[in-house]
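Visitor: Straight from Swiss-Prot, here's the annotation block:
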type     : residues                     : note
ACT_SITE : E147                         : active site
BINDING  : D280, M281, D283, D294, R295 : Ca(2+) 2 binding site
DISULFID : C121-C201                    : disulfide bond
DISULFID : C163-C168                    : disulfide bond
DISULFID : C228-C241                    : disulfide bond
DISULFID : C230-C236                    : disulfide bond
DISULFID : C254-C260                    : disulfide bond
DISULFID : C259-C285                    : disulfide bond
DISULFID : C272-C292                    : disulfide bond
DISULFID : C279-C310                    : disulfide bond
DISULFID : C303-C315                    : disulfide bond
DISULFID : C322-C372                    : disulfide bond
DISULFID : C350-C360                    : disulfide bond
DISULFID : C403-C414                    : disulfide bond
DOMAIN   : 10-206                       : domain 'Peptidase M12B'
CARBOHYD : N312                         : N-linked glycosylation site
Amino acid sequence: EQQRYLNAKKYVKLVLVADYIMYLKYGRSLTTLRTRMYDIVNIINLIFQRMNIHVALVGLEIWSNRDKIIVQSSADVTLDLFAKWRETDLLKRKSHDNAQLLTGINFNGPTAGLAYLSGICKPMYSAGIVQDHNKVHHLVAIAMAHEMGHNLGMDHDKDTCTCGARSCVMAGTLSCEPSYLFSDCSRREHRAFLIKDMPQCILEKPLRTDVVSPPVCGNYFVEVGEECDCGFSATCRDTCCDAATCKLRQGAQCAEGLCCDQCRFKGAGTECRAAKDECDMADLCTGRSAECTDRFQRNGQPCQNNNGYCYNGTCPIMRDQCIALFGPNAAVSQDACFQFNLQGNHYGYCRKEQNTKIACEPQDVKCGRLYCFPSSPATKNPCNIHYSPNDEDKGMVLPGTKCADGKACSNGRCVDVNTPY
């Protein structure tokens, strides 16, 4: 499973924000500023392409009336304020994985940008800020790719790190001869971060209609108006796709997809994806599309010897969740531990409504925080939890988990499996 995760194409759904100073700097012209922002994202996408990551601009916001935070020359303070605004405002109205602020302010010292290390997919920390420090947009793009690199688990390069160029993307200082290349150290650090954190949000491919930037033929992502995209003509190896137009070649029905073979749709009924487990189903081609639609068993079907119920193709049970949090010997705690979820305190609750934690009702205690007993000699506490203020949802009982006979968790409540949940 780890290898499958590492090999999977990743997608960073980005929202780029420009502050009021940027709006003034570019002559109060939204068109000029938007064009600069699009150009920056195109370069960032080019840089991350080598890491098997596609950066898709799903939101662009220009603060043309006034700033929504107090942008100041202290980069630390500005990053903190921007990240809080992202969590409390932007995330609530726009689904995305990462937000970057492009500012016209001059940060103190030599700082050109700042971001949280390994923050991707975390509501509070998937953010960065970058100073528009140069007229040449590709130099600003490299600085933003550097900050996103931090979000994706990469630290600054040491002297021993190499990428085959004079300077690599994660170099600690800005170079007058920058490159679009990540060093061997960056690649190792990014891989180690993916293995450790396994961030899930970047696995989800954005819809072509989610992308707000103008389509770019040659960026390996099929956008509105395109039928295929195999990169630039010089590097395209796809015989089904015309790289110059991003249209299918004459006679081709498709260029990619699990139900596409040699530019033609596979026949109806051809298996395109085997069932992963008892809650999954083998997926079949329709003969009319290149897509392999994911099907799974109905929610509520018993699984794992009646210890759980199928939920969206998985079988979530508490023991597996304890093992994921505390290691292979972990077990679910006694029922008494789950009574802490009646308190409605910072960790013991069932759900959040408008950022307020709601205590569990007695019948719902198994749908709040998960309590585990890690079977190690050093552990005396029978009611262990995983709680981090950075990611409060981690360590909660997963949706669809069996909470009683014939019942499963849904939005912090223990509901009948036969009702839609």
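Cβ coordinates come from backbone N, Cα and C, glycine included.
Situate these features within the shown structure.
Guide: E147 (active site) carries a helical DSSP state (H, G or I).
Using a 10 Å radius centred on the Cβ of D280 (Ca(2+) 2 binding site) and all shown protein chains, the other Cβ atoms total 18. In the three-state DSSP reading, D280 (Ca(2+) 2 binding site) counts as strand.
If you draw a 10 Å sphere around the CB of C121 (disulfide bond), it holds 20 other CB atoms from the protein chains shown. According to DSSP, C121 (disulfide bond) sits in a coil region rather than a helix or strand.
There are 21 other Cβ atoms within 10 Å of the Cβ belonging to C163 (disulfide bond).
Secondary structure at C241 (disulfide bond), as computed by DSSP, is strand. Of all Cβ atoms in the protein chains displayed, 25 besides its own lie within 10 Å of the Cβ of C241 (disulfide bond).
DSSP gives C236 (disulfide bond) a coil state; it is part of no helix or strand. For C236 (disulfide bond), the same-chain residues lying six or more positions away in sequence with a CB closer than 8 A to its CB are C230, A243.
Cβ neighbours within 10 Å of C260 (disulfide bond), excluding its own Cβ and spanning all shown chains: 21.
When Cβ atoms from all protein chains are considered, those within 10 Å of C285 (disulfide bond) total 24, not counting its own.
Here C272 (disulfide bond) comes close to L258, C259, K266, D283, L284, C285, C292: these same-chain residues lie at least six apart in sequence, with C-beta atoms under 8 angstroms from its C-beta.
Secondary structure at C310 (disulfide bond), as computed by DSSP, is coil. Taking a C-beta cut-off of under 8 Å and a sequence gap of six or more, C310 (disulfide bond) has these contacts in its own chain: E278, C279, F296, Q297, R298, N299, G300, Q301, P302, C303, G400.
Over all protein chains present, the Cβ of C303 (disulfide bond) has 20 other Cβ atoms lying within 10 Å.
Within 10 Å of the C-beta of C322 (disulfide bond) there are 23 other C-beta atoms, taking all protein chains into account.
Its own atom aside, the Cβ of C360 (disulfide bond) has 25 Cβ atoms within 10 angstroms in the protein chains shown.
Under DSSP, C414 (disulfide bond) is assigned to a strand (E or B) in the three-state scheme.
The Cβ neighbour count for N312 (N-linked glycosylation site), using a 10 Å radius and every protein chain shown, is 12.
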Visitor: I'd like to know which of these recorded positions, C168, C228, M281, is least surrounded, judged by other CB atoms within 10 A.
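Guide: Comparing Cβ neighbours within 10 Å for the recorded positions C168, C228, M281, M281 has the fewest.
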Visitor: Using DSSP and collapsing to three states, where does C260 (disulfide bond) fall: helix, strand or coil?
Guide: strand
Visitor: For C230 (disulfide bond), name the DSSP secondary structure in the helix/strand/coil scheme.
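Guide: In the DSSP reduction, C230 (disulfide bond) maps to coil.
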Visitor: Could you round the CA separation between D280 (Ca(2+) 2 binding site) and N312 (N-linked glycosylation site) to a whole angstrom and send it over?
Guide: 8
Visitor: Do you know offhand how many angstrom separate R295 (Ca(2+) 2 binding site) and C360 (disulfide bond) by C-alpha?
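Guide: C360 (disulfide bond) has its Cα 33 Å from the Cα of R295 (Ca(2+) 2 binding site).
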Visitor: Using DSSP with the three-state reduction, classify C201 (disulfide bond) as helix, strand or coil.
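Guide: In the DSSP reduction, C201 (disulfide bond) maps to helix.
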Visitor: Test of understanding: give the count of other CB atoms lying within 10 angstroms of the CB of D294 (Ca(2+) 2 binding site).
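Guide: Here the count is 12.
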